[in-house]
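Asks: One structure is given below, represented as structure tokens, and several questions about it will come after.
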Amino acid sequence: MIIIGGTATNGIDENLSKIISVPLLKVEHKVFPDGESYIRIPQHITNQEILVVQSLYPPQDKHFVELLLILETLADMKNNKITAIVPYLAYSRQDRRFKEGEALSIKTILNAIARAGADVLIVIEPHKEEELSYFGKEVKIADPMPELAKEVSKKVEKPFVLAPDRGALERAKRLAEQLNAEYSYIEKERDRDTGEVRIKNLPELRLSGKDVIIVDDIISTGGTMIQATRAAYEHGARKVISVAVHSLFLDNAYEKLINSGVKEIVTTNTIPQDPSKVTVVDVSPAIARKI
């Protein structure tokens with residue numbers, strides 16, 4: 001077995017190599033003057049079990065193409081089994097057609113990864129588990145909640161886990177079980193034209209004096225988290241901690257979250273982060289459990 005470190009790993013390939021004691025080989029990579037990517041596997045590998053690590057954080061399209069180049073090159077070398085480890089799976093939120101003629105982007109992405117030569121796919125906390133069926137082969141989902149819970153437990157006294165929507169309820173349950181805490185959810189609706197998020201309904205919440213942990217799979221612009229934070233304080237929360245597996249922090253989302261009352265943010269290294277601003281949890285142990 002050998003680990004191939006791609007062009008967008010954020011150190012996960014190196015950490016994984018140490019945890020499972022498997023050698024790491026980094027791809028050679030450069031960018032041509034016209035912006036196209038050059039990829040080379042620096043030694044001939046054949047008849048091996050391969051683990052390819054490549055996250056699809058921004059620039060997503062470039063990192064995706066580079067993943068395909070790596071996979072097909074390894075497939076051409078006639079290897080036994082190729083596992084694509086994609087910590088952050090871009091386009092995963094485009095899993096349904098809300099309007100006629102829209103691209104079903106996640107289907108295209110997963111089909112391409114399979115065709116390029118991946119036999120197995122490992123992802124961290126997908127937006128929706130059912131969307132992974134488009135890969136058409138073996139899929140493993142690595143769960144980082146034990147690692148996230150370990151960090152969160154250091155920051156709370158009376159934890160209450162809150163999902164910002166019904167879709168995140170199962171995620172909230174998993175974190176709550178790790179923290180031995182209660183959990184609930186907020187009902188929301190999103191305008192498909194403007195992207196605006198509105199709270200539709202609030203189940204009865206007993207948050208007075210509680211340290212509320214709002215957990216979601218992804219922070220993009222932060223709108224969902226901000227709405228949930230305001231609702232938590234309106235229901236008596238003592239403080240709010242934001243937990244997200246994948247954090248993009250677009251459009252000054254970090255500053256907006258802090259201004260909304262979020263006291264701390266705990267996230268992972270599936271996407272590069274500034275450790276002076278957020279607590280960063282390594283997902284490599286979660287991946288190792290699936291190998």
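Heads up, the Cβ atoms here are built off N, Cα and C, so glycines get one too.
Sharing the feature lines straight out of Swiss-Prot:
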- Asp34, Gly35, Glu36, Arg93, Gln94: ATP binding site (BINDING)
- His127: Mg(2+) 1 binding site (BINDING)
- Asp165: Mg(2+) 2 binding site (BINDING)
- Lys188: active site (ACT_SITE)
- Arg190, Asp216, Ser220, Thr221, Gly222, Gly223, Thr224: D-ribose 5-phosphate binding site (BINDING)
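Describe the structural context of each listed feature in the structure shown, including burial, neighbouring residues and relevant distances.
Replies: Packing around Arg93 (ATP binding site) is summarised by its Cβ count: 15 other Cβ atoms lie within 10 angstroms of its Cβ, all protein chains included.
Shown in sequence order, Leu89, Ser92, Arg93, Asp95, Asp217, Ile218 are the residues of the chain, 6+ apart in sequence, with a C-beta less than 8 angstroms from the C-beta of His127 (Mg(2+) 1 binding site). In the three-state DSSP assignment, the secondary structure recorded for His127 (Mg(2+) 1 binding site) is coil.
DSSP gives Asp165 (Mg(2+) 2 binding site) a coil state; it is part of no helix or strand. When other Cβ atoms within 10 Å of the Cβ of Asp165 (Mg(2+) 2 binding site) are tallied across all protein chains shown, the result is 20.
Within 10 Å of the C-beta of Asp216 (D-ribose 5-phosphate binding site) there are 25 other C-beta atoms, taking all protein chains into account.
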Asks: Ranked by the number of other Cβ atoms within 10 Å of their own Cβ, which of the binding-site residues Gln94, Ser220, Thr221, Thr224 ranks first?
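Replies: Per the Cβ count, the most surrounded site is Thr224.
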Asks: For the binding-site residues Gly35, Gly222, Gly223, work out the Cβ neighbour count at 10 Å and name the residue with the minimum.
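Replies: Gly35, out of the binding-site residues Gly35, Gly222, Gly223, has the fewest neighbouring Cβ atoms within 10 Å.
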Asks: Specify the nearest of the binding-site residues Asp34, Gly35, Gln94 to Ser220 (D-ribose 5-phosphate binding site), where nearness means the distance between Cα atoms.
Replies: Gln94
Asks: Would you mind reading off the Cα separation of Asp216 (D-ribose 5-phosphate binding site) from Asp165 (Mg(2+) 2 binding site), to the nearest angstrom?
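Replies: Distance (Cα to Cα, whole Å): 9 Å.
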